[in-house]
């Protein structure tokens with residue numbers, strides 16, 4: 001019987017000499033702005049994707065020119081924390097080495113650059129390195145940027161949780177020296193060509209991307225259940241004692257293919273802080289060994305758990321960790337939004353959360369966000385914290401410095417805008433024109449769409465109710481649309497699938513209500529539902545729970561069985 005053929009990416013990884021491929025040769029070639037097909041997969045492990053301007057694609061084709069290739073580079077910033085000095089370096093790169101002249105905060109607490117010509121890639125990575133930043137494993141079949149609730153109010157508990165997130169990120173980094181050799185001109189050592197180069201990953205790394213998050217209850221801004229692996233902090237008397245571990249979440253799916261589906265993670269039990277690395281490595285290596293390497297659409301950990309079964313997976317993780325799970329501790333998971341404006345922490349320091357629409361930091365007439373953050377960074381003595389809602393926290397401000405920081409924020413349009421509850425809880429992915437997977441607009445259209453939502457809520461007298469709204473240009477789910485009370489997922493230009501019924505806290509998925517509809521139909525549908533919600537809701541009932549209770553959509557209990565059913 002012939003051996004089952006693996007996905008193409010598996011052969012590329014095996015033959016890449018631990019992610020080197022021919023990236024260096026492709027970088028040196030001035031004949032094209034592109035990398036080879038194989039290297040386009042490998043460069044993801046180095047933190048960037050090849051893209052082109054889709055707005056110009058047809059025009060350039062008519063001119064017999066290759067697409068206007070550029071690159072999106074994503075940094076690795078565990079927990080989203082960087083210093084003001086680092087931010088100044090990040091800002092300078094955006095202003096001098098990218099065509100977008102902007103910084104994009106992501107839904108995973110880091111930043112990315114768009115519009116990088118190939119010739120500038122090495123310079124950018126070297127400039128980031130000078131700021132003690134990198135893009136290693138920000139993309140690819142590895143552990144991605146580790147999220148951690150930025151919770152600056154409970155400073156001691158956050159500090160402890162952040163230390164775990166940082167340790168997870170560092171411990172599970174690829175060991176290959178390919179990044180240092182190609183981008184930082186480190187001298188190449190003789191390749192050992194054995195598994196000791198990557199003691200955790202091996203030559204073929206993971207079957208697919210792997211995402212981790214550390215949540216600090218009651219906040220669930222990191223959407224912990226949407227991650228492959230989650231750690232929900234458990235505290236006693238303000239001290240971190242361990243975590244409830246979750247595994248098997250993930251948002252991506254494919255339109256029309258019912259064997260693919262989003263899924264929220266399962267609860268596995270409580271683990272002590274000292275055992276976090278053992279369990280993280282155990283979960284990752286089970287996925288490494290059991291994950292599907294034949295069909296990449298079924299390669300995420302969520303499918304591994306579904307296919308092998310919860311109990312079998314749990315037993316194998318305990319075996320590899322050498323420790324058994326304890327019963328999960330009772331914790332309360334609550335709001336997924338950010339605390340906007342000034343908040344005082346237990347350490348008497350102040351923290352200013354700034355709303356950044358769709359995470360895009362750019363200077364526009366009347367709203368010079370990029371300049372404003374630059375000016376704040378020049379005088380700020382604390383740190384900058386990126387949130388998973390694509391916002392920025394100016395953290396650790398002394399009381400005597402508040403007025404100066406606030407003055408700069410207001411001067412540059414970072415503060416003072418009218419912000420509804422729903423807009424403050426809503427996010428969108430980048431989509432067009434740069435993302436090659438996008439089928440419809442997201443970031444460019446989303447502010448206008450939220451204007452319509454705000455108007456409908458005002459019409460029905462429900463503006464005080466925060467509703468989690470998310471939009472993506474495709475079903476890959478970068479803005480976690482399947483965990484939104486109202487999720488819009490691009491199907492074609494100007495057309496979206498409308499999903500309803502997720503819980504406000506992020507503990508239940510939504511379900512498709514209408515397929516492939518345009519703005520007018522979406523708004524008409526929501527107009528009717530908001531009208532019903534205004535008069536039929538129970539006290540304190542959220543919109544997502546309402547749509548399930550009154551039968552607009554059925555609750556998704558087991559995504560493998562009922563997300564599509």
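Cβ coordinates come from backbone N, Cα and C, glycine included.
As recorded in Swiss-Prot:
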type	residues	note
BINDING	429, 435, 474, 478	[4Fe-4S] cluster binding site
BINDING	478	siroheme binding site
Tell me, how many other CB atoms lie within 10 A of the CB of residue 478 ([4Fe-4S] cluster binding site), whichever protein chain they belong to?
-> 22
What are the other residues, in sequence order, whose C-beta lies within 8 angstroms of the center of the C-beta atoms of 429, 435, 474, 478 at the [4Fe-4S] cluster site?
-> 430, 431, 437, 438, 442, 472, 473, 476, 477, 479
All chains considered, the count of other Cβ atoms within 10 Å of the Cβ of residue 435 ([4Fe-4S] cluster binding site) is 22
